[in-house]
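Enquirer: Sharing a structure with you now.
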Amino acid sequence: MFVTAYFAVISLLALCVGLELTARRLTPPESSAAVNPAFRRFQATFLRAYLLALWADWLQGPYLYKLYRHYSFLESQIAILYVCGLASCVLFAPFSGWLSQALGRRHMCIFFCLSYATCCLTKLSRDYFVLIVGRILGGLSTSLLTTTFESWYVHHHVEIHDFPKEWIPTTFTKAATWNHGLAVGAGLVANLLAEWLHLGPVAPFLLAVPFLACCAWFVLTDWAKEEAEKSPEGIKQTLPLGTLNGGVTHLSARARFSRSCSDGLRCMLSDKRVMLLGGVQALFESVLYIFIFLWTPVLDPHGSPLGIVFSCFMAASMVGSLLFRVATSTRYHLQPGHVLCVAVLMAFFSFFMLTFSTVPGQPRPHESFLAFLLLELACGLYFPALNFLQGRIIPEEKRASVLAWFRLPLHLLACLGLLALHGEVSGTGAGETGSGTRHMFGGCAVMMLAALMAVVSLFTLGRNDTDLKLEGSRGEGEMY
């Protein structure tokens with residue numbers, strides 16, 4: 001597996017370079033946003049902090065499970081740790097947007113840095129309770145990362161700078177491109193620290209702390225300067241909640257939160273397309289959480305360099321994202337709905353393969369590795385296709401609340417899957433006995449079949465629906 005992983009990462013990165021060059025030739029030129037100096041300065045101010053936060057997040061990916069095994073915890077105990085993180089996401093995600101409005105978006109970004117740094121430092125402890133607290137902080141931090149940074153940017157882009165809304169995807173496209181590269185690089189750096197330098201699986205978590213500190217510094221300085229220059233009334237908007245004006249802000253934010261939740265639920269229940277798309281998202285992404293838990297115990301017993309394997313996964317996802325750009329370009333004009341069907345079908349075949357490659361006593365790690373790469377390739381196709389359809393089907397003003405409702409069954413399904421693993425001894429025949437892992441992959445394959453049926457139902461329902469189709473012009477629903 002050692003040689004296979006290195007060969008795979010080199011091959012995938014070379015493929016990424018070729019696809020990126022092809023995609024650039026087929027993609028229309030940038031809008032006027034690219035040459036607007038004020039916009040570029042504002043974009044750079046945001047990305048400096050945001051990319052540091054993403055980098056710190058990715059550093060923790062390759063060796064989390066390995067760290068818990070290094071501390072001699074059983075797989076069932078590790079499953080509970082993962083469940084605590086997911087449950088924390090379920091509990092805090094609905095309130096993260098409200099807290100950003102009530103306490104201030106910039107303050108919540110600083111709080112993210114503090115909570116995530118504390119989460120990383122808890123990894124130094126072998127105490128199970130301390131690690132549970134760390135996972136709870138990790139779930140809170142993840143929910144903040146996915147909401148507060150983007151919320152700050154969109155608010156300042158539209159309300160403070162009054163830039164055109166059409167320029168927003170320019171920033172998030174650039175962030176997504178960097179995000180893939182950072183993920184690949186994080187796996188390589190984590191592998192360097194943990195295995196090449198023999199610093200152990202805790203080293204990547206400790207390395208993330210100074211990057212989170214740098215992120216907080218940029219938020220404190222650059223973002224504060226941005227707010228001071230562009231929003232002279234900003235001080236009034238961020239009064240402590242104990243003051244009179246702070247209490248008004250708190251009450252209005254709570255009222256907006258309640259109304260947003262009810263509007264999002266009504267939007268889901270009144271539009272069958274939204275319900276079906278939410279079902280696809282809940283099924284597909286809950287399975288991904290189970291994959292995140294299982295890939296290490298499947299591959300690690302066979303001498304796989306986990307950081308390099310993680311980089312392979314991220315490179316495969318990047319290949320999928322680039323293939324989506326090429327497939328939906330003006331030259332090929334493949335519809336995002338068709339790409340979504342292909343992605344779900346690929347994920348099904350991936351888990352179908354894994355049910356045979358993880359037979360207890362007869363593990364086939366190379367086949368499992370190939371199946372995982374196929375799954376990550378499917379993810380690269382899935383996310384931009386889903387973003388496009390969400391942008392077309394879900395009204396913009398209700399999108400955040402609807403997506404929050406989508407995440408609830410998503411995390412609950414993932415928690416149930418991990419709790420099912422907790423209930424039986426799991427293994428792949430490489431040091432552990434039992435067939436829990438194989439059974440879980442079989443369950444994931446069934447869930448992918450259900451997701452495929454939901455996709456087919458969605459496009460049968462909207463066969464002649466222009467909202468589900470990519471038009472010649474790039475509109476509001478275009479993928480980021």
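Cβ atoms here come from the backbone N, Cα and C positions, even for glycine.
What you see is a predicted model, and the numbers here were worked out from it, not measured in a lab.
Not my notes, these are from Swiss-Prot:
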TRANSMEM  1-21  transmembrane segment
TRANSMEM  44-63  transmembrane segment
TRANSMEM  78-98  transmembrane segment
TRANSMEM  129-149  transmembrane segment
TRANSMEM  177-197  transmembrane segment
TRANSMEM  199-219  transmembrane segment
TRANSMEM  274-294  transmembrane segment
TRANSMEM  304-324  transmembrane segment
TRANSMEM  339-359  transmembrane segment
TRANSMEM  369-389  transmembrane segment
TRANSMEM  401-421  transmembrane segment
TRANSMEM  441-461  transmembrane segment
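Please go over these features one by one and say how buried each is and what sits next to it.
Expert: Away from its own ends, the transmembrane segment (44-63) comes close to residues 109, 112-113, 116, 120, 138, 142, 145, 149, 152-153, 156, 171, 174-175, 178-179, 182-183, 185-187, 189-191, 194, 201-202, 204-205, 207-209, 211-212, 214-215, 218-219, 222-223, 226, 306-307, 309-310, 314 of its chain (Cβ-Cβ under 8 Å, at least six residues beyond either end).
Here the transmembrane segment (129-149) has Cβ contacts under 8 Å with residues 46, 49-50, 53-54, 57, 60, 68, 71, 80-82, 84-89, 91-93, 96-97, 100, 105, 108-109, 111-112, 115-116, 118-120, 122-123 of the same chain, all six or more residues outside its ends.
Beyond the transmembrane segment (177-197), the same-chain residues lying 6 or more positions past its ends with a Cβ under 8 Å from any Cβ of the stretch are 9, 13, 47, 51, 54-55, 58-59, 61-63, 66, 203-204, 207, 305-315, 317-318, 321.
Long-range Cβ contacts of the transmembrane segment (274-294) within its own chain (Cβ-Cβ under 8 Å, at least 6 residues beyond either end) map to 65, 78-79, 82, 86, 267-268, 340, 344, 347, 351, 372, 375, 379, 382, 386, 389-390, 393-394, 402, 405-406, 409-414, 417-418, 421, 437, 440-441, 444, 447-448, 450-451, 454-455, 457-458, 461.
Cβ atoms under 8 Å from those of the transmembrane segment (339-359) belong to residues 280, 284, 287, 298, 320, 324, 327-328, 365, 367-368, 370-372, 374-375, 377-379, 381-382, 384-386, 389, 428-429, 435, 437-438, 441-442, 444-445, 448-449, 451-452, 455-456, 459 of the same chain, restricted to positions at least 6 beyond its ends.
Long-range Cβ contacts of the transmembrane segment (369-389) within its own chain (Cβ-Cβ under 8 Å, at least 6 residues beyond either end) map to 1, 4-5, 8, 12, 277, 280-281, 284, 288, 291, 295, 298-299, 304, 309, 312-314, 316-325, 336-337, 339-340, 342-344, 346-347, 349-351, 353-354, 357, 468, 470, 477-480.
Remote same-chain residues near the transmembrane segment (441-461) are listed as 272-273, 276-277, 279-280, 283-284, 286-287, 290-291, 294, 337, 340-341, 344-345, 347-348, 351-352, 354-355, 358, 413, 417, 420, 468 (criterion: CB distance under 8 Å, separation of at least six residues from the stretch ends).
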Enquirer: Are there residues at least 6 beyond the ends of the transmembrane segment (304-324) whose Cβ is under 8 Å from a Cβ of it, and what are they?
Expert: 1-2, 5-6, 8-9, 12-13, 15-16, 19-20, 22-23, 58, 61-63, 66, 176, 180-181, 183-192, 194-195, 204, 295-296, 336, 339, 343, 365, 369, 372-374, 376-385, 479
